[in-house]
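As recorded in TrEMBL, the features of this protein are as follows:
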SIGNAL    B:1-29  signal peptide
DOMAIN    B:53-216  domain 'Thioredoxin'
BINDING   B:Cys91, B:Cys95, B:His179  Cu cation binding site
DISULFID  B:Cys91-B:Cys95  disulfide bond
Amino acid sequence: MQKSRFVSGLIGAVALVSLTQCFTQKKNEGERLYAEHCQSCHLEDGKGLRGVIPPIAGADYLENHRNELPCLIRHGIEGSITVNGVEYNQKMPGVETMPEDDITNLLNYIQTNFGNQNRRYTLNEVQDLLNLCPPHQH
Amino acid sequence: MIRNNVIFKSILPALLAATALFSCSPSSEETTLPILGEREAIEKEVDGKTVTDTVYHQIPDFAFVNQDSQKVTNATLAGKIYVADFFFTSCPTICPKMKSQMLRIYEKYKDNPQVMLLSHTIDPKHDTVAVLKEYAERLNVETAKWQFVTGDKDSIYDVAMQYLVPAQEDQTIEGGFTHGGHFVLVDENRHIRGIYDGTKEEAVDKLLSEIPLLLKAQPHAKK
């Protein structure tokens, strides 16, 4: 009895450790993807460039346009958009070749870092949203 | 004489560059900034004696057009110290970082007419006056302080060389141009007094700490 409790406790602990490890790794993955594909424009602190490149940090856009973000990353965006009350109008290129799981990791990274505390995505959700991308020129 | 010239032309600049690269931040009030670039020793006769004059590298005369369609020449910057850089508005790589760092300088010297900023586009075909105007407006900066200039492509690439900044068209890379992210600090005699990596916050910290040294040394500097 004592022993089995100990064993299940141990299994639980091990599971927890590997789970957190899994999460940390995903976070690192998101961080890496951000550094590779996004940081040159949105900058290390996610604050963007005043008036020219919108922020990721504290951006209301991430919540208000949550469902459009997978397509935004894959195909980019152009035209006038408003983020935290400021208008931006500069073309952002897409990363057409980024696989769905990377997009999921990256989105979860920006939704939960830079002071953001928004809802995460599941891979299924991102896949479904990508199937609904509006027509684009490529 | 020949030996002298060799020293001046090759060793001295190298030494100077090394000092500029490795010297720590200035600590004493007397610290002055070096004059960078090639220099030449010219000997001339004065009252029958031979005197050696050192001619420092100077940014030659230039003429460009800014975001308000006004002509910008060396006369526009006469008596000022300024920070020059090279960029293009659609640059996806280092420019957002450079511009966010340039904004730090802008904000710090907003109210000091002695300091100006001069950003040259290396993509004049795309970056017309109208494009530069919109860019400057979006950054919310004043022309009198921060000139965004365009002009004849060759003149821009030539002047980049004079500022010791590499700039080149290159269709094989992202964005189509390679260029250095340098910020070049220029004094009121158009001598280069410092070159800093405009993509690194620490380098720009150093620039911000060296501008006051130059201001102090300028005869026309106002408090």
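Positions of Cβ are set from backbone N, Cα and C atoms, glycine also.
Since we're looking at a predicted model, the values are computed, not measured.
All features noted in TrEMBL, drawn onto the structure.
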residue  : record                 : contacts (Cβ under 8 Å, 6+ apart)
B:Cys91  : Cu cation binding site : B:Asp123, B:Gly175, B:Phe177
B:Cys95  : Cu cation binding site : B:Phe87, B:Phe88, B:Thr89, B:Gly181
B:His179 : Cu cation binding site : B:Phe86, B:Phe87, B:Ile122, B:Ala160, B:Val165, B:Pro166, B:Ala167, B:Gln168
Helix, strand or coil at B:Cys95 (Cu cation binding site) [DSSP, three-state]: helix
For B:His179 (Cu cation binding site), the three-state class that DSSP assigns: strand
Overall pLDDT of the domain 'Thioredoxin' (B:53-216), taken as the mean: 93
Check: same-chain CB within 8 A of Cu cation site center, minus B:Cys91, B:Cys95, B:His179: B:Phe86, B:Phe87, B:Phe88, B:Thr93, B:Ile94, B:Met98, B:Ile122, B:Gly175, B:Phe177, B:Gly181
